[in-house]
Structure formats: structure tokens, C-alpha cells
Amino acid sequence: MFTLKSFFLIVIIICELQTSNTSVSLTIRKRKRSTNVGVVSLSNFKNVIFYGEVSVGTPPQHFNVVFDTGSSNFWIPSTLWSTKTTYPHQKFNVKASKTYFPVSGRKEYDIQYKLGALKGTLSQDNLMLGGIILEAQDFFVGSKPDYHFTTVKFDGILGLGLPSLKIAGTNTVLENLEKKNLISQRIFSIWLTSRKGKVTGDEVQNAGQIIFGGLDKRHFRGEHVYVPVLSRKGFWNISMSQISVNGRDIKACVPQCFAFVDAGNTDIYGPKEKIMKIYAELGVTSKDIACSKVRKLPAISFVIGGKSLFITRNNYAYVYIDARGAKRCAVRLLAGTDTWVLGLAFMQATHTVFDFQDLSNPKIGFAKAAP
Ligand SMILES: *[C@@H]1O[C@H](CO)[C@@H](O)[C@H](O)[C@H]1NC(C)=O
């Protein structure tokens, strides 16, 4: 897709060079904008979380971060990070970066998630996002992780939620991208698969992609349907009109329902009563199900902007081995929220475009993902 586009632009430049001088600057500007697309390849860890590599500092130090659409701060571990972690973590050495700036000095902020918390000092440095260089990006140099963050595989979290979720007085990555006008289109697109690629341990590499400033036509089918983002709370929250199981409307959205798209969450969450309706249609009573049922689980569809987006049992059911070594099965549909949360179980079936052309009026586009 990118090669085709550059070819097209080269043709434009040649044509315009022949016509007049004034158009030259215009096409050069066009060319500069079009090449500013940042592509980050994502790894799938146990089908539970996806992350990809970014770099911070001069010379660059590399980190695996979760691109989380359900939060808006960006942090990476520092050399003050606890040494006892389940997996080795990359740690940012502030002294080794020529472009590092300690914004808050020693003042520490609390960064909190539903699961996990840490402390961090507010800092600025250059962030490399798949080829795009965002200068003076605010981020937190993390220390004092709680137990949760000592057990995770990834190094840090790069929040791509909307500004109202950020710690006050900081600039999020999306705000910085908007301000610096570096990418050709103010969008980012996410494509995630559950396919088996190159497997290293529990990690599948090149299992997905996040593209800042564009989308790759090979990764979806048909057209995207775009819907406006509703809440002022900072989530990529949209209106949904129906949920069907095996073609049967479970009346989940009567009179209305909302959902936010969360790339930092494995599961799909919804109100208890509606999740129970889904379980009833699946012929199960809780998230833990008999393994003999998995094979017969039907497709579930979520209707957004008039388009039915399907997930199949390959997306929402999984098999695991419990502590006693027995094979167990479960579904990724959980009770507990008013607004539906569409995590990886949904996103692995859907190609999603997050449009922040106007950060105060964002939209999301959905299309069927190409496998
Ligand atoms: C989503 O938007 C609806 C409608 O504005 C609102 O009631 C709901 O609380 C929002 N949910 C989240 C998580 O922001």
C-alpha cells in the first residue's frame, strides 16, 4: 500500500514539475506528509496481550509497550525498577540520553490502572514510533511497580485514550501527534490476529500491527463504518445498537447501549444481566464451560453504525491447562461493567481505525479484519 502511494506521488511530482514552479513546494509538502506513517509490528503474548517496540531517547533505548486505548498516560520502567520481576524488563537509563529532560524533578506521580499501579517522575524525551520521531514527548519514568507490574511480560504502557484520561498538566502522545502535525492523516489503525506466526516461547511475533497515520488495505475487507465517539470521559466510547447470538437478538441494547474499544483488555465485558443472556444463548452458565461445548459455540455479532461485526468461538473461547494439569475451557465474555468493553476478543476479528483529526470530536471506523 505504501509503495503504491509513493509511486503515485512521484508521478504527481514529475507532472507538476513540468507545469509550474509554484506547485513544486506544494507537492514536496505532500510528499513529506505522505511518508510520515509509523508502522509498529505487534507481538501476541498468550492471546492475552499485544505489544510492540518503541524507542525513547538519544541514542534510542528500546521498549516493548502495550498500545492501550483505555488509558492516556505513557510510562516505561527506569533503572529504579524492582529487580525481582517474572520476565526481564528494559529499563530506561536517563543519564544515557542526551535529549532527556526531567520535567517534574524528583516529584513522583501515581499512575493507576484497574489492574496495577506504579509511581513515575514526569519527563520529556524523543519518542520513536515506528519511524516517526516525536520530539519532547511527555512520559513517566517508572519506579515502584506494584506486584502486578512485576509479573507482566511487556515493559511499559503507551496510552492512546483521549486527553480527559491523562494526568493533568501533561501532553499525551495523541496530543503531541496532533500538535506537531507529523503524520499524513490524524488516525491510527489497529490490526490484531490470533494466528500462529513465528513463535518464541509464549510469544507470537508479527501477529498484528498498529499504524500511526494510515491503514493497510491488506488487513481488512470491505469498507469501514465510522461512528462518533460519545463520552467526554476519555474512552473511545461509541453507541452500539444490537448484540445477536447465532442470529438471535438478545435485546442487549434496549433502549440503548454503549461500548468502548480497549486494546489493553483481553476480554469483552458487559452488564451482568446481558452477559447472562448471552450465556443462556450459548447454553452455558458461567465463563467456565465444558470443553465438549466449545466446538458448537455460535458466532456473536455486535451491530455498530448499522454494520454487524462478528466474532467466532476462535475469538472468544479458549482452552487452558489448570494448576492440576487438567484441560479447561472458558469464554472471554465477562459480567461487570455498564458500558460494554470490547477488548481483544472483539478486536482480533475487527480492523479498527481511531480517527483524531479533531481530538475534541473523534470517531472510530470498523471493518472486518483480514486474517
Ligand atoms: C459512554 O457514553 C455514554 C453516553 O454518553 C455514557 O453514558 C457512558 O458513561 C460512557 N461510558 C464510558 C466508559 O465513558
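Yeah, the Cβs are placed from backbone N, Cα and C, and that goes for glycine too.
Keep in mind that TrEMBL annotations are predicted by a computer and have not been checked by a curator.
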With reference to TrEMBL, specify which of the listed residues Cys257, Cys291 is paired with Cys329 by a disulfide. Cys291
By Cα-Cα distance, the member of recorded positions Asp68, Cys291, Cys329 nearest Asp262 (active site): Asp68
Cys291 (disulfide bond) to Asp68 (active site), Cα to Cα, whole Å, comes out at 31
Between the Cα atoms of Asp68 (active site) and Cys329 (disulfide bond), find the distance and write it as a whole number of Å. 27
With neighbours defined as other CB atoms within 10 A, the best-packed of the active-site residues Asp68, Asp262 is Asp262
Return the residue, from the listed disulfide-bonded residues Cys291, Cys329, with the maximum count of other C-beta atoms within 10 angstroms of its C-beta. Cys329
Look up Cys291 (disulfide bond) in the DSSP assignment and reduce it to helix, strand or coil. helix
Cys329 (disulfide bond), DSSP three-state class -> strand
